[in-house]
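Below is one structure, written out as structure tokens; the observations come after it.
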Amino acid sequence: MPLTEARFFGAGDVRLLTAEPASPGPAEVAIAPLAVGVCGTDSHIVAGSFAAAPQVVLGHEVCGRIIEVGPAVDGLAVGDLVTVEPHDYCTRCTYCRLGQEHLCDDKRGYGVKLDGGMTERMVVPARIAYRLPDGTPPWIGALTEPLACCLHGMDQLDPRSGLPILIFGAGPAGAMMVALARARGLAPVVVLDPRDDRRAAALRMGADAAFDPASLDEATALTDGLGFPHVVDAVGAGRILESAIAVSSRGGRVLVFGVARPDDEARVRPHDIFARELTLVGAVINPYTHHRAVRLLPTLGLDRLRPAFYGLHQLPEALAAQRAGTADKVFIAPHGIAAARG
Ligand SMILES: [Zn+2]
Ligand SMILES: [Zn+2]
């Protein structure tokens with residue numbers, strides 16, 4: 001039976017097409033995607049501001065059920081609920097050979113360069129399908145990928161428990177950062193976001209306090225005026241980095257996690273970095289954190305987030321909802337909303 005899939009043809013041009021289902025190769029599995037997260041990257045691809053392969057199937061935050069396994073596949077069976085680690089690496093470049101595959105010269109993301117999950121059927125190598133505990137709601141399962149990215153961010157920040165953290169931005173990533181910060185024993189966990197609903201989401205996820213960015217001084221007062229030893233930019237903007245550095249304590253560590261515009265700039269005083277002995281770290285995607293994210297997933301109370309679901313044919317509405325931020329997280333439900341909710 002033909003299946004429906006959402007393919008990207010160019011800026012502003014996403015088409016729903018039908019295709020004949022492909023069979024999995026010997027070491028591949030076919031998955032019925034049940035919930036596929038819509039993230040900023042998808043919006044940027046469709047807007048033409050993030051490079052993607054022409055005619056690629058979108059969707060990189062995928063949770064689905066296995067419907068067919070290749071003859072050489074071990075350890076996965078039809079009916080298993082899985083999350084996909086959506087990257088392919090060249091395995092031969094210097095970075096790949098140093099265990100830094102996420103910095104690979106020829107990294108290819110599913111849903112960006114390779115066909116992703118916004119389809120009724122997705123075929124992937126079995127080694128990138130990670131089994132989830134039975135009974136995991138598929139939309140929670142689809143959070144594994146963004147959670148794995150947050151986990152890599154936390155690894156890069158390498159915070160010390162018992163000390164404060166300030167998180168700029170309480171979108172889906174910022175909200176998951178809050179949950180991770182709590183799990184790592186950071187206190188207080190303080191969030192800045194201009195939107196009421198996002199501050200509310202941060203508080204639901206366990207933030208101790210959430211302020212409008214205009215109230216930065218009130219936030220800093222929670223550290224007795226010392227500043228924050230840990231600061232996360234979960235927005236991605238030069239002006240946020242400037243504020244993050246300004247509000248760091250001496251010896252502070254600043255994580256650049258949000259995706260800034262490539263041409264955005266920040267004014268940084270080298271003397272600040274030197275005299276206050278600051279550390280600036282970046283984090284991109286999810287090297288070796290997908291496995292750990294699967295294990296953390298049931299412990300973080302991610303069901304406190306408020307999801308919104310759209311069918312494959314409603315992708316434009318889903319992208320608009322993602323951009324507007326009207327739900328905590330937006331999902332495509334290729335096999336219906338009930339199947340995505342679980
Ligand atoms: Zn994403
Ligand atoms: Zn490589």
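Glycine residues also receive a Cβ, built from the backbone N, Cα and C atoms like all the rest.
What TrEMBL annotates here:
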- 25-134: domain 'Alcohol dehydrogenase-like N-terminal' (DOMAIN)
- 174-287: domain 'Alcohol dehydrogenase-like C-terminal' (DOMAIN)
Per-region confidence, the domain 'Alcohol dehydrogenase-like N-terminal' (25-134) (mean pLDDT, whole number): 97
Helix, strand and coil totals (DSSP H, G, I; E, B; other) for the domain 'Alcohol dehydrogenase-like N-terminal' (25-134): 18 helix, 40 strand, 52 coil
Residues in the domain 'Alcohol dehydrogenase-like C-terminal' (174-287) grouped by DSSP into helix, strand and remaining coil: 43 helix, 26 strand, 45 coil
